[in-house]
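These come from TrEMBL:
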- 55-96: repeat 'WD' (REPEAT)
- 96-137: repeat 'WD' (REPEAT)
- 139-179: repeat 'WD' (REPEAT)
- 261-293: repeat 'WD' (REPEAT)
- 317-350: region 'Disordered' (REGION)
- 325-334: compositional bias 'Acidic residues' (COMPBIAS)
- 337-350: compositional bias 'Polar residues' (COMPBIAS)
Amino acid sequence: MAMRQTPLTCSGHTRPVVDLAFSGITPYGYFLISACKDGKPMLRQGDTGDWIGTFLGHKGAVWGATLNKDATKAATAAADFTAKVWDAVSGDELMTLAHKHIVKTVDFTQDSNYLLTGGQDKLLRIYDLNKPEAEPKEISGHTSGIKKALWCSEDKQILSADDKTVRLWDHATMTEVKSVNFNMSVSSMEYIPEGEVLVLTYGRTIAFHSAVSLEPIKSFEAPATINSASLHPEKEFLVAGGEDFKLYKYDYNSGEELESYKGHFGPIHCVRFSPDGELYASGSEDGTLRLWQTVVGKTYGLWKCVLPEEDSAELAKPKIGFPETTEEELEEITSENSDSMYSSTPEVKA
């Protein structure tokens, strides 16, 4: 009998969660930021889901959110025609970058000196964060609203996706290097620096392309429409989620479906592996984030694997220890447990 996957449920948002991102591993662990249509992006401890703070200031749905590598800065993209940069330690707003339409995506360079944005006005913008008063550099060429834009190849190039096209741009010359067209809408894009791999989802397809040439590497078909996929840092597994409320885990090399879990109560909009690969996070239409173990039953974060003393041959049960919970409560993790961990309407800045 296999161990049961017991996700941690992170409450607090009041509308669908549409984007999430992890920081790199810092001396204080790693962190997780979530973007939500409630206009209140949240910062959490990455390995436990513990709520740290909420960034207050947007006046519309937040469509994109990211952290820099060392989790000292955050950036958000919103429907109020702005992107904002925040101090992720204090929660203070550092700058507001005005746009002419809805902003969908934000990404820092590795040194955190530049911010890339994209949105409904079909333009890529590069802001020098050390010169906030300066006009951004603009790259035109997309024919529909930009859904995702990411730095790649050590910030020398840019990857961007609109409705059915993925484009590769040269940062120095601000020109298009190559583009790939798809016959249906691209729903997500993830860039893996190690090995220069691009992970794309469209329809039921999870596709892997070279981030350097955009040439296809391999692709898998899922049982349902997929909205997001993420590749394990060691390229052993990939996880994906979409319209059927389920999370799927596949073997990257063979494409074999290893596991599937139904934990959300609405379509899954975003999924990402943590930087150490020990867990993956999912965000859903149901307004929650959930954290899932890569290896079920392993002691990690709030998960604790306990071997029964009476019968050591019995399979270990994954248990999660919360402060002031009884042994009986540990047997079943419910949303009530997670509500006791996080403020349901956190209004305090980080």
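Cβ from N, Cα, C; glycine included.
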Contact set, same chain, for the repeat 'WD' (55-96): CB under 8 Å, 6 or more residues outside the stretch: 15, 18-24, 26, 28, 30-31, 33-43, 102-108, 110, 112, 115, 117, 119, 127, 129, 132, 148, 347, 349-350
On the DSSP side of things, how many residues of the repeat 'WD' (55-96) fall into helix, strand and coil, could you say? 0 helix, 22 strand, 20 coil
